[in-house]
Amino acid sequence: MQASWRAFRLKFRATMAPWPEVENAQPNSDKYIEGTAGQQSTTLAKDKETNKDDTGTPATKMELLPSYSTVALIEERTEVEDPWDLPELKDKGIKWSERDTKGKILCVFQGIGKLIMLLVFLYFFVCSLDVLSSAFQLVGGKVAGQFFSNNSIMTNPVAGLVIGVLVTVLVQSSSTSTSIIVSMVASSLLTVRTAIPIVMGANIGTSITNTIVALMQAGDRNEFRRAFAGATIHDFFNWLSVLVLLPLEAASSYLERLTNLVVDSFHFKSGEDAPELLKVITDPFTKLIIQLDKDVINQIAMNDETAKNKSLIKIWCKTFTNVTERNVTVPSPENCTSPSLCWTDGLFTWTIKNVTYQENIAKCKHIFVNFSLPDVAVGVILLVVSLLVLCSCLILIVKLLGSVLRGQVAVIIKKTINTDFPFPFAWLTGYLAILVGAGMTFIVQSSSVFTSAMTPLIGIGVISIERVYPLTLGANLGTTTTAILAALASPGSTLRSSIQIALCHFFFNISGILLWYPIPFTRLPIRLAKGLGSISAKYRWFAIVYLIILFLLVPLLVFGLSLAGWPVLVGVGVPIIFVILLVLFIRLLQSRCPRALPRKLQNWDFLPLWMHSLKPWDRVISTLTSCCQQRCCCCCGVCCRVCCQLCGCPNCCRCSGCCKDLEEVQDVPIKSPQAFDNMAMDKEDQDGVPKSTADTKITITAL
């Protein structure tokens, strides 16, 4: 009886397939059983060895299998991909070796055509940035001048900082705001000490341009994550530098003293204007669109009442100034130029004075020269047009780069840009990148143009975030060297103040680099930018909220509190700063050492959900943007496309449901193993029962 039971158990074990292993679960049946169902009997016959047991009954010797679990049927190990890894730009076209002669010639001409188109779109992209700056000056230039005209507020360093941010955001040019500061210092309306915080604010405000450019890549989450992080790394560097250096400057005035020492040590002389290499190329086109009289903003900042009614739009490009002697009346003989040139005719006292008059010779040749529209209307028109051209050029540049940077070309470019020097000189790579960024910015004469041109390259994965950081720091330095050269071209009356302000800008950026670059763990802007990029990729509306809050609402709030005086600013600002620092400290302990906190503070679950999560806000934003889910006509099709781009729709359309951001439903096919494709199932198949095959799939819908 015992022998028959053992034989039955061995036969049952031979016919029943084992369960898949927990750790190595795969749908391949060869992993679990040897041979196929058809060869199973043969395999068993070969593996049997007859031995005698105690009763003398032949027994089959079988190898014991490891333990298994049914959990393996629905669990598969997946590798977690780093979202910041650069994508592999594969060449999906025909290989060069597989092309015939005609195909190779056609490929060469296509490459040349794409390169020419890329240069053309890049040219219009840079021109649209120039026109965008002019549009902002038309819309908010006079307001920016009025910010500078309130000298009593600018004695407050915090107010001066936010004024610099607001003015640079309004005019979209740090060089314009810096030139206004130089003019005010030269006219003794500002001291160097009060001008330094404004220069710091101008350094912050100039970083908004490439952040706006990054918004144009919101269509793809991965591209937007990289592009927005690469753009905001400039913001975080400037803000962190200001948070450290502004209190240090207010306490010690080290920038003022250092630059004063440098100016006194070197005998600077007025020279020629700084070379404007890029302007030579773009000015012929942009001057056909609009030309501005930027002296009006300076005059408003100088409290010139006559300038408030002047238009920023330049009408006369060629004028003739003449000085002549004329007979004029004066109130009394004391007002005469000299006693010999003074006479009376009984009623009036006359004298001779030099009178300057300006004669208009030729009008400018831009589009709006003969229009009688106000500055704000022209500014809004140019703002809309320049943004459309900017978006179109950026999209086309990204598409062209995506088609050109494929295969071996992409590998070479990525290795050239992102590879470090061999050990032990790897640490020099970042400093070389800083020099490259400074040189490129010096060539194009604008840090905004250089960083904005890098943004699409970051998005498609050609440049890594770690390499963008030193390039951006170099761009900050490059724009200050341009300012120094421009200061050297100033007239003798403003030479000293111009050079000192430019040097303050230079040493501020040098100090920031020393704070946030040499030691790897101090490179906080990289980590902060990556965190913000991940949040903005998940909730794309948060990028716009970030721009509005950081560059508009916060500066306006601080400026409004500054108008109320120091006590109000300190009374409101200090508690807010204390709460922010406390939250950051608790968050740091939660991530590093949660046991040091009480159980309730180890997470933020004790707060309402809307205070520690963006999901409730995302539902509110989705409700507010539900207009895109309704049918729209051809007139609002463009608006719907913009909404779709911001909402992240996979397939944008002009009709209903285009912005409904549903979670992607994934079908995870899990094959049932061939554990049941055995001799027992074959017998059932012979009896007319359908056989379970290896192609049977269990579909699990990810909700």
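Just so you know, glycine gets a Cβ as well, placed from its N, Cα and C.
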TrEMBL annotation (transmembrane segment) - matching range among 251-268, 449-466, 593-610: 449-466
Within-chain partners of the transmembrane segment (161-182) [C-beta distance under 8 Å, separation at least 6 from its ends]: 132-133, 136-137, 139-141, 143-145, 147-148, 153-154, 190, 195, 197-206, 208-209, 242, 246, 294, 297-298, 301, 446-448, 479, 482-483, 486-487, 490, 494, 497-498, 501-502, 505, 551-552, 554-556, 558-559, 562
When counting Cβ pairs under 8 Å to the transmembrane segment (539-562), the leader among 105-125, 194-215, 376-402, 423-443, 499-519: 194-215
Distal contacts, the transmembrane segment (105-125) - CB-CB under 8 A, six or more residues away: 96, 99, 281-282, 389-390, 393-394, 396-397, 400-401, 403-404, 452-453
Beyond the flanks of the transmembrane segment (194-215) by 6 or more, those residues with Cβ under 8 Å of it: 129, 132, 154-155, 157-158, 160-169, 172-174, 177-178, 181, 184-185, 224, 227-228, 230-232, 234-235, 238-239, 241-242, 245-246, 249, 255-256, 390, 394, 447-448, 451-452, 454-456, 459, 476, 479, 501, 504-505, 508-509, 543-544, 547, 551, 555
